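According to Swiss-Prot, the protein has these features:
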type: SIGNAL; residues: 1-33; note: signal peptide
type: BINDING; residues: Asp49, Asp50, Cys89, Asp356, His357; note: Ca(2+) binding site
type: CARBOHYD; residues: Asn61; note: N-linked glycosylation site
type: ACT_SITE; residues: Cys89; note: active site, nucleophile
type: CARBOHYD; residues: Asn128; note: N-linked glycosylation site
type: BINDING; residues: Lys148, His304, Lys381; note: substrate binding site
type: ACT_SITE; residues: His150; note: active site
type: CARBOHYD; residues: Asn347; note: N-linked glycosylation site
Amino acid sequence: MRSAARRGRAAPAARDSLPVLLFLCLLLKTCEPKTANAFKPNILLIMADDLGTGDLGCYGNNTLRTPNIDQLAEEGVRLTQHLAAAPLCTPSRAAFLTGRHSFRSGMDASNGYRALQWNAGSGGLPENETTFARILQQHGYATGLIGKWHQGVNCASRGDHCHHPLNHGFDYFYGMPFTLTNDCDPGRPPEVDAALRAQLWGYTQFLALGILTLAAGQTCGFFSVSARAVTGMAGVGCLFFISWYSSFGFVRRWNCILMRNHDVTEQPMVLEKTASLMLKEAVSYIERHKHGPFLLFLSLLHVHIPLVTTSAFLGKSQHGLYGDNVEEMDWLIGKVLNAIEDNGLKNSTFTYFTSDHGGHLEARDGHSQLGGWNGIYKGGKGMGGWEGGIRVPGIFHWPGVLPAGRVIGEPTSLMDVFPTVVQLVGGEVPQDRVIDGHSLVPLLQGAEARSAHEFLFHYCGQHLHAARWHQKDSGSVWKVHYTTPQFHPEGAGACYGRGVCPCSGEGVTHHRPPLLFDLSRDPSEARPLTPDSEPLYHAVIARVGAAVSEHRQTLSPVPQQFSMSNILWKPWLQPCCGHFPFCSCHEDGDGTP
């Protein structure tokens, strides 16, 4: 619900004018405040997990209640063509943190694995990547991350924490080093490598049946087999079972953990109190750093399955458990925004809200939909080309600096947040690497009418599925699809029966010639254009093709973080509270803020 406190507060005129003066200084680069922390805006970045762009009232949903996010949009700038750089958690967040496509850091699929699978894998965001947190830290900011990380933990030994948030510019971390999955809820079916797990269990049963058959045959005298051979085969079967069950049999204990900085504080985590713990930590962080400046990246666990929702919100929405979780997320965000206002920081805080990618259409429990709604846009999570997989909310808020109620339809990217916040604090983006994002400051303020992106490239794993051309002279936004997933069943708009749609192989269609859409006239990508229906068809295909060729010249080989050797669970890398393998601990209290 909207807070009366948020509606009724008004800061003194002198304080209200301060952000405006700072903004003009940063924009025009005519002054550089060196010492006064008050001249640097606090940065609050809020990212939902798996939220569909059609799930919010401010984006057209009139059946889910999201008053706090809607108010943020009313008081700020709302982007309607805001795009994730990847359609899955790990690569999208890597791109967000670094302002670079995830494949540039090796943080995207080179095989069947498209996201990190274990806390105890050795893959993760490389140490030589620069996050916006590191740059802000160098400019005197306190930098905190609360919530989901999913960018890896260790490289070579338990505790080296080479991929840990504290090794990437954050000086405080509280949350999940991994991500929520169904495995975190004992009452849900398995999710992490569920198909492989079922296959390994089948092999184990086959081996056990063979060993029992040999033992029975030898005992009954049906055939002659030495006891040593039977014992040896039984040993092999046991070793095989232990080799996979030691990881897959304890997914909840290995992956579903909470950490504070370098220490595991809860293993496995108690889902029912997690939301309260995250809220308590966020409010506490704001209060501790209210004299600023601070960066707080609030990386929400909502609204990823298993949709852990407190009793206060269960059964309250019109859309089942998913809707309940969305409305709880909005309430939690409202509490955080209240903390900003209660500490007198509303007019000195740059706030941003988004989702890491589109809603998860395939997330179902029988006939119940457990994933988000992507509005008019085709596709969803896991689909790198279709709009539903990559179009996300984008809301920016800074009273007195950004115009209230402004709506921008220009193509923008999650990768743009990196150079945007770096510019706001007076920093510079790295000059020794490709940065794919562009600062949104001129666009948000109204100094520029057009996005700096002429072309945007949309990947599924390391496969280029589509490209977007924002034609400057006409204003048209053309979208070329080179590869699309094959929906199952045909025409369903998703790949039901599997976790997400594939990026390559037999489950995709390669289009020769490519599909072409004009998003400015057909944002739902319902009517592909042809040479007969669009006179510019061949010219557009050729121009986008040339841009793709130029883009590919910027690519260079890097170590693959999702390689099989990096993805595998390694017991010596497992974060552990206590003595491995007897890892167990719980936080005191219920997390009530």
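Note that Cβ sites are derived from N, Cα and C of the backbone, with glycine treated the same way.
Cβ neighbours of Asp50 (Ca(2+) binding site) (same chain, under 8 Å, six or more residues apart in sequence): Cys89, Val303, His304, Ile305, Ser355, Asp356, His357, Gly359, His360, Ala363, Gly371, Gly372, Lys381. Inclusion criterion for the recorded positions Asp49, Asn61, Asn128, Asn347: a C-alpha placed within 10 angstroms of the C-alpha of Lys148 (substrate binding site); this criterion is met by Asp49.
When the glycosylation sites Asn61, Asn128, Asn347 are ranked by how far their Cα is from the Cα of His150 (active site), Asn128 comes first. According to DSSP, Lys381 (substrate binding site) sits in a coil region rather than a helix or strand. Here the Cα atom of Asn61 (N-linked glycosylation site) is found 18 Å from that of Asp49 (Ca(2+) binding site). A Cα-Cα distance of 35 Å separates Asn128 (N-linked glycosylation site) from Asn347 (N-linked glycosylation site).
Distance from the CA of Asp49 (Ca(2+) binding site) to the CA of Asn347 (N-linked glycosylation site) is 27 Å. The binding-site residues considered are His304, His357, Lys381; of these, His304 has the fewest other C-beta atoms within 10 angstroms of its C-beta. Listed in sequence order, the residues Asp49, Asp50, Cys89, Thr179, Leu180, Val303, Asp356, His360 complete the 8 Å Cβ shell around the substrate site centroid, once Lys148, His304, Lys381 themselves are left out.
Its Cβ taken as reference, Asn347 (N-linked glycosylation site) is surrounded by 22 other Cβ atoms within 10 Å in the chains shown.
Compared over the binding-site residues Asp49, Asp356, the count of CB atoms lying within 10 A of a residue's CB peaks at Asp356. One way to see the shell of the Ca(2+) site is to take the Cβ centroid of Asp49, Asp50, Cys89, Asp356, His357; the remaining same-chain residues with a Cβ within 8 Å of it are Met47, Ala48, Leu51, Leu88, Ser92, Arg93, His304, Ser355, Lys381.
Counting neighbouring Cβ atoms within 10 Å of each of the glycosylation sites (Asn61, Asn128), the lowest count belongs to Asn128.
Of all Cβ atoms in the shown protein chains, 25 besides its own fall within 10 Å of the Cβ of Lys148 (substrate binding site). The recorded positions in question are Cys89, His150, and the one with the fewest Cβ neighbours inside 10 Å is Cys89.
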